[in-house]
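J.: Got a structure for you, questions after.
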Amino acid sequence: MADAQPADPVLQPIAYGHPVVAFFHVFFKVASFLVYLLCGLFSSNFIANFVAVVVLLMFDFWTTKNISGRLLVGLRYWNEVTDQGSNWRFETLEEGQRSINAKDSACFWWSLYIQPLVWIALGIVTIFRLKIDYLLIVVIAVVLSCANVFGYTKCSKEASNQLKAMATNAMRQGLTAAIARV
């Protein structure tokens, strides 16, 4: 029997690290778009259409904020309200704990940034079609998607700043140790 040659790692596609999470991260975004676009075909009741789309938008916001960000890119944010006011908190996995999959990360960031752009385009179409009541759905979608964009962009910058600070601190300690040896 011939020895099986290992497959060339360059030609093997990279698998998702969290395929179920990536699926639901995209599913709720696409489902809210599709229900918004097709709801007029199934029901002329604005309240039913509004509730259906907003529930999907809430599922998307919650999934992105609480699950997708943490598992797909290792980032998390939240807002704490105290007597002194509101404080944003940003959290990232330590460098040793991180093992971010390239496909997971691309799926997360592309869908995160594309979502508000699609909703803004749908808002423009809604204005031209003079369906002003449906503009309320678009405004809610833009606000929720932009909140996630803001939170994760800020969180990512915080993570970059933390990594820079850790690298600077390590370099400083290394130089101090090298100078102490001389």
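Cβ from N, Cα, C; glycine included.
Below are the features listed in TrEMBL for this protein:
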- 33-59: transmembrane segment (TRANSMEM)
- 107-128: transmembrane segment (TRANSMEM)
- 134-153: transmembrane segment (TRANSMEM)
J.: Which residues of the same chain, at least 6 past either end of the transmembrane segment (33-59), have a Cβ under 8 Å from a Cβ in it?
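T.: Apart from its flanks, the transmembrane segment (33-59) reaches 118, 122, 133-134, 136-137, 140-141, 144.
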J.: Other than its close neighbours in sequence, what residues sit by the transmembrane segment (134-153), given a CB gap under 8 Å and a spacing of at least six beyond its ends?
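T.: Sequence-distant neighbours of the transmembrane segment (134-153): 32, 36, 46, 49-50, 53-54, 57-58, 60-61, 64-65, 69, 73, 75, 77, 88, 112-113, 115-116, 119-120, 122-123, 126-127.
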